[in-house]
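Visitor: One structure follows; several queries about it will come next.
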Amino acid sequence: MTGDTQRISTARPLDRSDERVKHTDTLGNMFSAFVDRVRSGDLGSLPVVVGLIVICTAFESLNPVFLAPNNLVNLLFDCSTVGVISLGIVCILMVGEIDLSVGSVSGFSSALIGVLWVGQDWPVAVAIVTALVLGAAIGALYAFLFNRLGMPSFVSTLAGLLAWLGLQLYLLGSSGSINLPYGSPLVNFGQMLVMPPIVSYVLAAAASLVVFVTGYRTAARRRQAGLSASSSGRMVLKALLVTIVLEFIVYYLNLGRGVPWMFGLFVGLCVVMNYALTRTKWGRSMSAVGGNREAARRAGINVRRVYSTAFMLCSTLAAAGGILAAARLASSSQQAGTGDVNLNAIAAAVIGGTSLFGGRGSAYSALLGIIVIQSIASGLTLLDLSSSLRYMITGAVLAIAVIVDSLARRSRLSHGRA
Amino acid sequence: MTDQSTGLEMTTISDVDHPQGGLRKPVLSLRGISKHFGAVSALTDVDLDVHAGEVVALVGDNGAGKSTLVKILAGVHQPTSGTIAFDGEHVVLSDPAAALGLGIATVFQDLALCENLDVVANIFLGRELNPVRLDEVSMELRAWTLLSELSARIPSVREPVASLSGGQRQTVAIARSLLTEPKLILLDEPTAALGVAQTAEVLDLVERVRARGLGVIMISHNMEDVRAVADRIVVLRLGRNNGEFEPDASNQDLVTAITGADENSVSRRASRRRAHQSPEQRR
């Protein structure tokens, strides 16, 4: 390091020594930086927030039941099944590929639960593990076709969509559906189980505590290393905001039946996935492969293995979503995983802000996106609209989401943000 | 063939004569490397030695096979035939990870950066600290250290690489190659995208790398840059060795070896200019 930079860096943090860069130290700065980010096409979760506000006001004015606590609790139950599938879609979109067969895989695994658990009298845990392992195997098959035979994922998973649907119909046989026993733990989990209020409050508080503690520790380490760090006041403010928002949501849901355990599982999976994508070497490799595959390869990343993990995670989560759907409906039927499940899962990830073009995305986009989609579905159901209208409206929302993504991407390119 | 005969007439510098080489074993030694892409022979029987603390400039016209050679050394392509010895041991560079593992770092002509990731992530790509709980603070600190060693002018290491200029990206790519403390660095056109000051910085950097005892292979079309830092200039022509030169070799000799003929477009242009200027000078 030259003497010149040394002098500057003692005066200012190392990463703030370049006078050409604007920094966000005050609240006003933070706001203008946010506006700049949005204008350059880095939308983050803004479309979702705007979308949710529009949806809520529209449906609430049409039918006041929409925002009633119990309707929201039901909505969260419904979110969890497709949401878990959507989480897998986030994984596969991160590397710039697609899995069109998630609906069929979820239907197949829900059929498997019915056949193995009810039909063959296997213990439910063994049936679940079998379904998950077969889901992973399906992903491994796609990965093999992609890595070794160069088959585009679009085609291989389209073939899979038909093949697994066929397998699902074959498994269910002539009866067409198998009812899962009411009162069993799995069905209870999918339909009834909610957190005791105290547990939900504690969990919400714990979440904001974790946000604060990790933020504080990082800031302390950064300051020690001579890098800029956010001030304690700002972190306290952030933690306080998170606490208020979470506790209010929990409080509101507790006015109804409470926070579903199944939704808790889904949020937990999102948190784990977010950590894996942002704070591990594997997650970094996923973004790198999605951003520039050849660069990742030349950096010594085992690109094939990254693709394999993405495909397998996607199918496994699709299978998990299928199991949850079976629990939610208390049956394994020929309809499970068909219809709009596939598209809802993909649309949720895209609406939440994961790019279809690879390299950009977040686990939380599955959470936010599926809430938007389910809100629309729930609102339209409350209005008692026919499924023809529901399909058309959901289709339009998906189209808008992809248009926003494409426009934002173009804007990012012209603003040098890729 | 004219290019063959001129190649043979060149004064070839043997290892013993070379000031840096001496009797030491080369850190990298290529023998009879050939690479075919279908019917096209990109490289034919290429030999190359690089010693520790030596800068070897690889020059040649477009399509001479320089970049192919670099990609073979980086493990991106595999040679059709020939042997590679690194540190005296026979090695097979089956993929980029193998080359990196041996200590061969490469700065590619197209830089090979992930535009969606920030500078720190790009520098540490594939070599992140603490795989299950990324140590962002240490990585950022090391990134700043590397960049300031290169006197880089990067405004922020937390911006995606997409927002950087060509020269800044070049610096990031070079910083990345230095991260692993390699034994040999391959620079494919390191100064092509750079301004005057940055070019000087990169050349300084090359000398600093040499002073640390690393071997450097530098590809460049800019003869001035080559002369400024190279200890030895190796000419490739149409995928074959076409002579080795001291850095003080005449421009005429170099251009002849690169283009393969005394009578070439560069010399014709030079003579035209002379013919054009001489009447004015007489006046």
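One-based numbering along the chain as shown.
Every residue, even glycine, has its Cβ placed from backbone N, Cα and C.
Features from TrEMBL:
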{"type": "TRANSMEM", "residues": "A:46-66", "note": "transmembrane segment"}
{"type": "TRANSMEM", "residues": "A:72-93", "note": "transmembrane segment"}
{"type": "TRANSMEM", "residues": "A:100-118", "note": "transmembrane segment"}
{"type": "TRANSMEM", "residues": "A:124-146", "note": "transmembrane segment"}
{"type": "TRANSMEM", "residues": "A:153-173", "note": "transmembrane segment"}
{"type": "TRANSMEM", "residues": "A:193-214", "note": "transmembrane segment"}
{"type": "TRANSMEM", "residues": "A:235-253", "note": "transmembrane segment"}
{"type": "TRANSMEM", "residues": "A:259-277", "note": "transmembrane segment"}
{"type": "TRANSMEM", "residues": "A:306-329", "note": "transmembrane segment"}
{"type": "TRANSMEM", "residues": "A:341-359", "note": "transmembrane segment"}
{"type": "TRANSMEM", "residues": "A:366-383", "note": "transmembrane segment"}
{"type": "TRANSMEM", "residues": "A:389-408", "note": "transmembrane segment"}
Visitor: Please determine whether the transmembrane segment (A:72-93) and the transmembrane segment (A:100-118) are in contact (criterion: at least three Cβ-Cβ distances under 8 Å, sequence separation 6 or more).
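Guide: Since 3 or more Cβ pairs under 8 Å link them, the transmembrane segment (A:72-93) and the transmembrane segment (A:100-118) do come into contact.
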Visitor: With Cβ distances under 8 Å as the criterion, find the stretch in A:153-173, A:193-214, A:235-253, A:306-329, A:366-383 that has the most pairs with the transmembrane segment (A:389-408).
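Guide: Between the stretches A:153-173, A:193-214, A:235-253, A:306-329, A:366-383, A:366-383 has the largest tally.
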Visitor: Any contact between the transmembrane segment (A:193-214) and the transmembrane segment (A:306-329), i.e. 3 or more CB pairs below 8 Å with pairs at least 6 residues apart?
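Guide: Answer no, regions not in contact.
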Visitor: Need a quick answer: max count of Cβ pairs under 8 Å to the transmembrane segment (A:306-329), which of A:46-66, A:100-118, A:124-146, A:153-173, A:235-253 is it?
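Guide: Ranked by Cβ pairs under 8 Å, first place goes to A:124-146.
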Visitor: Looking only at the recorded stretches A:46-66, A:100-118, A:153-173, A:341-359, which one has the largest tally of CB-CB distances under 8 Å to the transmembrane segment (A:124-146)?
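Guide: The stretch I would name here is A:100-118.
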Visitor: Go through the chain and flag residues at least 6 beyond the ends of the transmembrane segment (A:100-118) whose CB is under 8 A from any CB in it; none is fine as an answer.
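Guide: Those are 85, 88-89, 124, 126-128, 130-132, 134-135, 138, 154, 157-158, 160-165, 167-168, 171-172, 177-181, 186, 314-315, 318-323, 325-326, 331-334, 336-339, 341-342, 345-346, in sequence order.
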Visitor: Look over the recorded stretches A:46-66, A:153-173, A:259-277 and say which has the most C-beta pairs under 8 A to the transmembrane segment (A:341-359).
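Guide: Against the transmembrane segment (A:341-359), the leading stretch is A:46-66.
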Visitor: Taking a Cβ cut-off under 8 Å, which residues six or more beyond the ends of the transmembrane segment (A:153-173) line up next to it in the same chain?
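Guide: Same-chain residues near the transmembrane segment (A:153-173) but 6 or more away: 92, 97-101, 103-105, 107-108, 110-112, 114-115, 138, 141-142, 145-146, 311, 332-334, 336-338, 342.
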